[in-house]
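Engineer: Here you go, one structure.
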Amino acid sequence: MAGIKVFGHPASTATRRVLIALHEKNVDFEFVHVELKDGEHKKEPFILRNPFGKVPAFEDGDFKIFESRAITQYIAHEFSDKGNNLLSTGKDMAIIAMGIEIESHEFDPVGSKLVWEQVLKPLYGMTTDKTVVEEEEAKLAKVLDVYEHRLGESKYLASDHFTLVDLHTIPVIQYLLGTPTKKLFDERPHVSAWVADITSRPSAQKVL
């Protein structure tokens, strides 16, 4: 039976999300590079794996799936007996589900815009829009205020142990720590300690 394959780009935050999950679970996999600058993600054969033309795509033998958060949840459930537990049970699982929604709808869209403006645009020879950065930082600050309160109650966002909720934030945070937006994390003591914790995990270091 064929093993696990991840089709993506190493700089993609969504791809990194999946790779971190696999490293957390100590699961072997094959990484298949999809070159975004050549538009490979919009052509066959990749488009057959994800018709929306976005990385990553994932295969576990005959099982195929896309969308990074769906993939990480599959990994966490399918390999629950391996590596670190990224889930919980009962009411705590509902807290994890809520946290995943908050990260997906509140944290990631804003964080990704800030990564685009401050990291990716300069790489492409484009100019950072400072007005957009200011607007998005104001939005991110509100999300981080919620996180700061939550982290004052528990070590991690959904539990006293590291879960998918924390994992999903890592790729965007890794990029933002190299930008002036880092100040928003540093200004909040609980958030700052949490960021230092999750970004220093071996799984996170492996995707840099």
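Keep in mind that glycine also has a Cβ here, set from the backbone N, Cα and C atoms.
Marked as domain 'GST N-terminal' by Swiss-Prot: 2-83. Residues or ranges marked as glutathione binding site in Swiss-Prot (evidence: similarity to another entry): Ser12, Thr13, His41, Lys42, Lys54, Val55, Glu67, Ser68. Under the heading domain 'GST C-terminal', Swiss-Prot lists 89-208.
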Engineer: Given the binding-site residues His41, Lys42, Lys54, and counting only Cβ atoms in the protein chains shown, which has the most within 10 Å of its Cβ?
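Structural biologist: Compared across His41, Lys42, Lys54, the most Cβ atoms within 10 Å surround His41.
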Engineer: On the DSSP side of things, how many residues of the domain 'GST C-terminal' (89-208) fall into helix, strand and coil, could you say?
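Structural biologist: Split by secondary structure, the domain 'GST C-terminal' (89-208) comes out as 89 helix, 0 strand, 31 coil.
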Engineer: Helix, strand or coil: which one is Thr13 (glutathione binding site) in, per DSSP?
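Structural biologist: Helix, per DSSP.
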Engineer: May I have the DSSP-based helix, strand and coil counts for the residues of the domain 'GST N-terminal' (2-83)?
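Structural biologist: Going by DSSP assignments, the domain 'GST N-terminal' (2-83) contains 33 helix, 17 strand, 32 coil.
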Engineer: What residues, ordered by sequence, lie under 8 A Cβ-to-Cβ from Thr13 (glutathione binding site) and sit at least six positions away in the same chain?
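Structural biologist: The answer is Ser112, Val115, Pro171, Val172, Tyr175.
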Engineer: Could you check the binding-site residues Ser12, Val55, Glu67, Ser68 and say which one's CB has the most other CB atoms within 10 Å?
Structural biologist: Ser68
Engineer: If the glutathione binders are Ser12, Thr13, His41, Lys42, Lys54, Val55, Glu67, Ser68 per the record, what's the largest distance between their Cα atoms, in Å?
Structural biologist: 18
Engineer: For the domain 'GST N-terminal' (2-83), what is the mean per-residue pLDDT, to the nearest integer?
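Structural biologist: Mean per-residue confidence for the domain 'GST N-terminal' (2-83): 96 out of 100.
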